[in-house]
Structures are given as C-alpha cells and as structure tokens.
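Data first, discussion second: the structure below is written as structure tokens.
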Amino acid sequence: QVAAASGHTVVLVDQSDEILKKSTKGIEESLKRVTKKKFADNPEGGADFIQKTLKNLTTSTDAAAVVHSTDLVIEAIVENMEVKNELFKTLDKFAPEHTIFASNTSSLQITKMANSTTRQDRFGGLHFFNPVPMMKLVEVIRTPMTSQKTFESLMDFSKAVGKSPVSCKDTPGFIVNRLLVPYMMEAVRLFERGDASKEDIDVAMKLGAGYPMGPFELLDYVGLDTSKYIIDGWHSLEPNNPLFAPSPLLNKLVEEKKLGKKTGEGFYKYK
C-alpha cells in the first residue's frame, strides 16, 4: 500500500486468488481511511488518489513469473527460515542481476537468508512496523555482505515511501525488538515471581514511562505465540543469555492456545 501510494509499481504475490482479493479489498479500505484524514477538504482529490494508487497495484500467485521485471523484492511470508530460503532460492534464479532482495522478518537472521542466494551483496532487511500505513519507522538491516550501493538503495526506498529509516547490523531483533522483547519477558518474570500484579505493571509502565500500552497488553496484541517463537529462537542462539530465558507461564498460555487478542484470551480476556 505505501509503495503504491508513493508512485511505485507493485506486484502483490500470495498463495491464492482468494487471499489476493481479500488483501486488495483491505488495501482499498485502508486507503479510504487515509484519504479521509489526508483529503478532508478535497474528496475529489481523495478519490483520485485512491484510483491512482490502485492502478499501481497488480496481483499474482506466481512469484517466479513476475520477478523478472522487478527492482526490489520484499518478502513478508511465514517466519520460518527454511520456507523463506526456499522462496529466495527460487526467485534468485529468475530475478535480474540488479534486483535487490529484502526480508521483512522481525527476528530471523538476514545473513542466513542471503546465503541461500547468489546475491549476498544485494540482500538486506527492511523491517516495517505494524500497522505499516501509520507507523513511520523502517529498520534497514545490513549484513556483512550487503554492499554500500544496496544499503543506500534500501535507505532511499524507505524515504521514498514516506518512512524514517534507521540502520542496524544483522543482530537478533535488530533495534526495536532487541529492546522490546526482553522488556516484555522481564515483565512476565516480575509477575511470575509474584512481585506485582500484571494490571499494576501495565499501569506503571503507561504512567511511569509514558508507554501507550503496558507490557501485558502489548504481549496480547503481538500474540503470545509470536513472542514465544522469537524468544525460543534467540534462546537457542544464546542459551546462556538470561534475557533470552524462556518463561514457564508464557509457554503454558501458548500450550492452552491462549494467544492474546486474536484468540479472545491471553494474559487478559477479550470479548
């Protein structure tokens, strides 16, 4: 959406036409919300903006068939290294030499993905934040093999879609999640030890640190399964790092399928 809205030609690829129809409808709805604010005094301009943006967007279920005419591939599929590597390996065969590959992963190693291709120097991370149309941040990740030219192209693209890029090496969690995930885990440990209630911890961080959500509200929003997946991955990389230690309570909730907002219950209950 943000790429198409900023004048880029975009091909959105997914597994079925059904998913793509749903995605396109979602983008249309999102654009309507954006234009309500952006073109409050100019509804005609708003309608024109939506039409122009949607014109820049086509869809396909065959990534290999469309990649031959692209300058940049941004992968945002399931957080599974093997599945990602398979995709990149295939696309590497069909993409032109100049095409840059980027992953939107929040927790997996970009270097490992780059190594599944023959374009290690044209490979980096572009980690957007949810919801992308609203959040201004993009983390641009360079591996030891990412060329300066590729890095600059990724920074320029981030600015061209209206974002504020920050740069980071390929380290677990990059900047935001490297600080945020251990903070959320520490909150769970504080509660597990019986030092404070989860409600009081949430209020304390909202009123004391000015955070929009407390750590337990945030965990429920992110998804407890996602948070567990990240911490488990980091724990296997650095088993002796106490910040990456798993939490029995988090594991128990995930086992009980209490994953947060999306399932109606996590640390809190939702109607």
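Including glycine, each Cβ sits where the backbone N, Cα and C put it.
No curator has checked TrEMBL annotations; they are predicted automatically.
Under the heading CoA binding site, TrEMBL lists Ser30, Lys37, Ser106.
Averaged over the domain '3-hydroxyacyl-CoA dehydrogenase NAD binding' (1-171), the predicted model has a pLDDT of 96. Annotation source TrEMBL lists domain '3-hydroxyacyl-CoA dehydrogenase NAD binding' at 1-171.
Positions annotated as domain '3-hydroxyacyl-CoA dehydrogenase C-terminal' by TrEMBL: 173-270.
Look at TrEMBL and you will find His127 tagged as site 'Important for catalytic activity'.
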Between His127 (site 'Important for catalytic activity') and Lys37 (CoA binding site): CA-CA distance (Å): 26
For the domain '3-hydroxyacyl-CoA dehydrogenase C-terminal' (173-270), residues assigned helix / strand / coil by DSSP: 65 helix, 3 strand, 30 coil
Around the Cβ of Ser30 (CoA binding site), the count of other Cβ atoms that are within 10 Å: 17
Packing count at Ser106 (CoA binding site) (other Cβ atoms within 10 Å of its Cβ): 21
Least buried by Cβ count (within 10 Å) of the recorded positions Lys37, His127: Lys37
Largest inter-residue Cα distance among Ser30, Lys37, Ser106 [record-listed CoA binders, Å]: 30
